[in-house]
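Database features, via Swiss-Prot:
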ACT_SITE  E144  active site
BINDING   H143, H147, E227  Zn(2+) binding site
TRANSMEM  15-35  transmembrane segment
TRANSMEM  39-59  transmembrane segment
TRANSMEM  153-173  transmembrane segment
TRANSMEM  197-217  transmembrane segment
Amino acid sequence: MLYQQIARNKRKTALIMVLFVVILTLVGAGLGYLFSNRPWMGIIIALAGSLIYLLIMWQNPANMIMSLNHAQEIQEADNPELWHIVEDMAMVARVPMPRVYIIPDPSPNAFATGRDPNHSAVAVTEGILQLMNREELEGVLGHELSHVRNYDILLSTIAVVLVGVISFISGMASRYIWFAGGSRDSDDDRDSNAFEMIFKVVAIVFVLILGPLSASLAQMALSRNREYLADASSVELTRNPQGLISALRKIENSQPMKQADRSSAGLYIENPFHNHGLSHLFDTHPPTEDRIKRLEQM
């Protein structure tokens, strides 16, 4: 059951990443059509923009995210117990020892970030250290180091880049349509046939509405899917689903965080603001009860 869940989640992740690229390509094509009647030019701009943005984000994402969440780096002497648990779980996961941070917040939570296993970092709140025993901490840190081992930290960075580029393209197209009236010149309008007008309307709707909406939904689906995978991988590392189950219940019943950055919400083991939508489509995390049910089946 455990390995079947891991394999299924990896397949879902691959499909979601393909969907991201398809959405980006279609949005780029729509942009190229609206601006110059050359869809291929828009596709090149979208892909090149994504690559440039990714290279910028690649430099040092961990430091930026830790700063946004008010996390403070520690050494072994500052908290030997936490340090040794992270060290032990990193050894079991066969990843390099990440940098360790503590967030001064009484609500229990944790997250991992970085660009790859060699440049990773984990952060836990003061609340999680106070409320959880070693078994529960191992479950939580096993989950976070699974994100590192499974390259979820890289996937989340790529997802942020793709959503950012799609949103930028949508905003640029919106301004163009507002100031230029959505057409290239009056002669084009007189000469355009019904099919061309239909294509133009479809391009506008997709670039301005459906593209950004689809990208956001794909990003949320990716985040939820990687949480399931990290849960399963944590059990693979600890051989003890009860530790993570108990930890998730404590986090679910806690107060929202005060120090968390909203743009980083998807990185945490559980939504730090405890706000869940009715449909769950825009949730960054799966429902806690669903996660616990899956863990109980392992």
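Positions of Cβ are set from backbone N, Cα and C atoms, glycine also.
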Let me check the 10 A CB neighbour count of H143 (Zn(2+) binding site). How many other CB atoms are there?
28
Sequence-remote partners of the transmembrane segment (39-59) [C-beta within less than 8 Å, at least six residues beyond its ends]:
24-25, 27-33, 115, 157-158, 160-162, 164-166, 168-169
Write out, in the order they occur in the sequence, the residues of the chain not among H143, H147, E227 that have a C-beta within 8 Å of the mean position of the C-beta atoms of the recorded Zn(2+) site.
A112, E144, S146, D152, R226, L229, A230, D231, S233, S234, I269
Look up H147 (Zn(2+) binding site) in the DSSP assignment and report helix, strand or coil.
helix
Among the recorded positions E144, E227, point out the residue whose Cβ has the most other Cβ atoms within 10 Å, with all shown protein chains included in the count.
E144
Cβ contacts under 8 Å made by the transmembrane segment (197-217) with residues that lie 6+ beyond its boundaries
19-20, 23-24, 26-27, 29-31, 33-34, 162-163, 166-167, 169-170, 173-174, 177, 182-183, 281-282
Including all protein chains shown, what's the count of other C-beta atoms within 10 A of the C-beta of H147 (Zn(2+) binding site)?
27
